[in-house]
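One structure is given below, encoded as structure tokens.
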Amino acid sequence: MRDLVLVVDFGGQYNQLIARRVRECGVYCEIIPYTYSIEKIKEKNPKGIIFTGGPNSVYGENTPTLDKEIFNLNVPVLGICYGDQLMAHLLGGKVDTAPVREYGKTNVTLDNSSKLFAGIEADETCWMSHTDYIAEAPEGFKIIAHTDVCPVAAMENEERRLYGVQFHPEVEHTPFGQNMMRNFLYNICGLENSWSMASFAEEKIAEIKKIVGDKKLICALSGGVDSSVAAVMVHKAVGKQLTCIFVDHGLLRKDEGDQVEKIFKEGFDMNLIRVNAQDRFLGKLKGVSDPETKRKIIGEEFIRVFEEEAGKLGDIKFLVQGTIYPDVVESGTDTSAVIKSHHNVGGLPEDMEFSLIEPLRELFKDEVRAVGEELGIPHHLVWRQPFPGPGLAIRVLGEVTEDKLEVVREADAIFREEIALAGLESEIWQYFAVLPNIQSVGVMGDERTYCHTVGLRAVTSSDGMTSNWAHIPYEVIDKVSRRIVNEVKGVNRIVYDVTSKPPATIEWE
């Protein structure tokens with residue numbers, strides 16, 4: 001059984017980032033709600049516990065708290081921000097409203113004789129975000145960091161292995177944060193760098209073999225990262241017992257359907273059924289302009305097509321799904337099981353009698369990509385950009401027609417090709433063309449034109465939650481613009497979206 005660190009969620013915005021930082025140290029961790037009972041925590045047998053930040057005050061009404069017994073488990077605890085204040089409050093320290101609030105980059109003085117700050121400079125920069133502060137540390141605790149306005153920026157009870165920091169070590173703005181995290185995990189908890197994607201894949205493949213036996217499985221394959229990695233992992237475990245159903249709704253990017261079929265059918269020798277359903281989907285979308293209605297129609301039609309194809313395959317016992325850890329955390333479900341009864345996951349019908357195989361439900365997105373590379377999936381597929389489930393239907397504003405799809409598909413292909421030629425693929429989080437349902441007057445040759453406008457969208461981001469518009473060199477934008485106007489029939493104007501998120505979303509619909 002692998003060693004485990006528990007991250008107790010108190011509602012902070014960086015909670016998943018804390019878990020990712022722990023995993024980056026080669027240590028497995030899980031996020032649990034603060035309502036988890038002491039009995040459940042004992043059953044998990046953690047080697048370390050981390051309290052996250054949160055938006056509350058320890059003195060507020062109905063504020064998140066937990067049983068003080070957690071400090072008597074002889075397990076090292078690290079409290080971060082609110083978690084630090086809660087530790088102080090529960091153990092008899094004094095928490096109060098800070099006379100001066102601290103937000104953003106802050107100079108901090110560290111006592112690097114502490115195990116927590118071993119090997120770190122005494123004068124550092126950290127990221128603060130708090131309105132309350134610890135005015136007095138609990139009895140038995142030593143102050144090991146301070147700022148000009150925060151007398152207890154970090155504290156420790158070395159004997160009980162209890163540590164608290166007011167700042168956020170998990171964010172990039174705290175440069176020493178990951179070194180501090182390693183000190184806590186390795187030197188204080190006694191853990192080792194043993195959690196790797198190679199070992200995870202090996203364990204999971206063996207587990208799937210044991211669960212499935214000689215039964216048959218199906219997988220709804222979209223060509224996206226999550227479903228692709230899940231399908232390949234299960235295929236490596238059970239081979240031809242798995243059949244993948246690829247519903248080609250005609251809303252994919254240029255040549256994408258053919259690429260998916262080639263990679264998985266030929267490259268991995270999978271049983272793959274490709275359902276060419278473009279006419280069926282476009283028929284359902286005829287006359288529909290509202291984006292939410294488009295999404296709903298596409299989702300419902302996908303279910304129907306998938307159900308019809310699954311029904312032709314006979315006795316199927318398992319459904320493979322590419323659920324990943326953020327989905328699990330956000331739904332508040334337990335993370336321990338690789339298999340559970342199917343219950344309308346992903347909108348699939350209630351009466352589909354499958355058990356669910358979710359081989360990636362313990363992994364974050366970056367870990368899924370790493371596993372994909374371990375499994376031999378082509379780099380360009382593992383690192384493909386996010387692509388919405390409804391596909392190009394939400395990049396064609398207004399009614400979706402075959403002609404409009406062809407325009408946005410060709411424009412998008414040119415944009416992606418030129419970004420690749422400019423060597424900018426790894427610098428831009430997402431980039432695509434959109435057809436905003438605008439026509440404008442132009443002149444081509446000596447004739448007046450009245451044609452489509454194509455919008456180009458490119459953003460930089462680390463997680464997609466917020467983003468900035470990408471400052472692509474003018475010469476690249478110029479070349480893209482000229483190529484689209486000259487090579488894509490029915491386009492006479494190109495615009496570039498220079499809006500960040502927020503206020504805009506990345507997609508236009």
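Using the three backbone atoms N, Cα and C, a Cβ is placed for every residue, glycine included.
If you look up Swiss-Prot, you'll see 4-194 marked as domain 'Glutamine amidotransferase type-1', on the strength of sequence analysis. The annotation active site, nucleophile is assigned in Swiss-Prot to CYS81 on the grounds of sequence analysis. The active site feature in Swiss-Prot is assigned to HIS168, GLU170. According to Swiss-Prot, the domain 'GMPS ATP-PPase' annotation covers 195-384. The ATP binding site feature in Swiss-Prot is assigned to SER222, GLY223, GLY224, VAL225, ASP226, SER227, SER228; the stated evidence is sequence analysis.
Listed in chain order, the extra residues whose Cβ falls within 8 Å of the Cβ center of the ATP site residues SER222, GLY223, GLY224, VAL225, ASP226, SER227, SER228 are LEU221, VAL229, ALA230, GLY322. If you take the CA of HIS168 (active site) and look 10 A around it, the recorded positions you hit from CYS81, SER222, VAL225 are CYS81. Around VAL225 (ATP binding site), the C-beta neighbours below 8 angstroms that are at least 6 residues distant in the chain are GLY322, LYS365, VAL368, ARG369, GLY372, LEU381, VAL382, ARG384. The Cβ of GLU170 (active site) has 27 other Cβ atoms within 10 Å, all protein chains considered.
With respect to their backbone Cα atoms, ASP226 (ATP binding site) and GLU170 (active site) stand 25 Å from each other.
All protein chains considered, the CB of GLY224 (ATP binding site) has 17 other CB atoms within 10 Å. Counting every protein chain shown, the number of other Cβ atoms lying within 10 Å of the Cβ of SER228 (ATP binding site) is 27. Ranked by CA distance from GLU170 (active site), the recorded positions CYS81, SER222, GLY223, GLY224, SER227 have CYS81 at the top as the closest. Of the recorded positions CYS81, SER222, GLY223, ASP226, CYS81 has the largest number of other Cβ atoms within 10 Å of its own Cβ. Counting neighbouring Cβ atoms within 10 Å of each of the recorded positions (HIS168, SER227), the lowest count belongs to SER227. In the predicted model, the domain 'GMPS ATP-PPase' (195-384) shows an average pLDDT of 85.
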